[in-house]
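The structure appears right after this line, and notes come after that.
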Amino acid sequence: MERTNDSTSTEFFLVGLSAHPKLQTVFFVLILWMYLMILLGNGVLISVIIFDSHLHTPMYFFLCNLSFLDVCYTSSSVPLILASFLAVKKKVSFSGCMVQMFISFAMGATECMILGTMALDRYVAICYPLRYPVIMSKGAYVAMAAGSWVTGLVDSVVQTAFAMQLPFCANNVIKHFVCEILAILKLACADISINVISMTGSNLIVLVIPLLVISISYIFIVATILRIPSTEGKHKAFSTCSAHLTVVIIFYGTIFFMYAKPESKASVDSGNEDIIEALISLFYGVMTPMLNPLIYSLRNKDVKAAVKNILCRKNFSDGK
């Protein structure tokens, strides 16, 4: 790879599943189908929340943000994945790679923060139900969401800026499906200690702190639910949190594997380990956004009722 002072002249090559051409066709069809399901599921959920006034509450406001983040995240990476499966030379420009990495990292970091704010919302709703409308006012929950977005974007700017300063001498083969930051750091022909320190700080801010907020919130939530005398009351209270808790487990289970322990350039050379990490990252990047609308809507009477109302209104207007 030729490297000049102009970073846009640099090209990377994505390995993906190049060693398994038959699997590429299978994965292309599978990922395309999943991406369409992501757009459909999250698009419907966003539309329902926007157009049904009964869902104009803090919980659904955060859920709308979460769905929008899922659409943005997958749209920044899935088209590149699909194109790489079809292309003979799976190359991407340096600038294109950095843009894709920035968007993906920003959306992922923001989603971590949003999940933390959703836990706080459920904590207030269950532990302080009478004060909930006052504490979670429109100004409060909009500010919480805005803070999450700003944190995610700033964090991504910092990580991307540090990555762009690294020299890439000869090895330009990314052992991944997309321009994933850890895979790119492994290609640098310079000391990446600053990047590792920066990533560790990033993990603390957008992974550990939100997870602590979620954990502490649920400790108080469980304690409050256990004090509810009736079984029906306990079930109703827990049902409002079960979807969020399920998403948190899936989301953090995969993302911690990828980002909790940044590795130095020389620490991993195994091709098998690289492809396993890439597949887990693919699961995090595609499977989770596809499942989120299902998890939040299948057992949610409000969402199902809102969908029915919109469909009934559409059928009524079409019949006129």
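Each Cβ is built from the backbone N, Cα and C atoms, and glycine gets one as well.
Of Phe12 and Cys312, Swiss-Prot records each on a different side of the membrane.
Feature annotation (Swiss-Prot): of 100-120, 163-183, the stretch labelled transmembrane segment is 100-120. Shown for the topological domain 'Extracellular' (76-99): DSSP residue counts in helix, strand and coil, namely 17 helix, 3 strand, 4 coil. Cβ packing within 10 Å was compared across the disulfide-bonded residues Cys97, Cys189, and the lowest neighbour count falls to Cys189. By the Cβ criterion (distance under 8 Å, sequence gap of 6 or more), the transmembrane segment (140-160) is counted as touching the transmembrane segment (55-75), at least 3 such pairs being found. A coil conformation is recorded for Cys189 (disulfide bond) in the three-state DSSP classification, outside any helix or strand.
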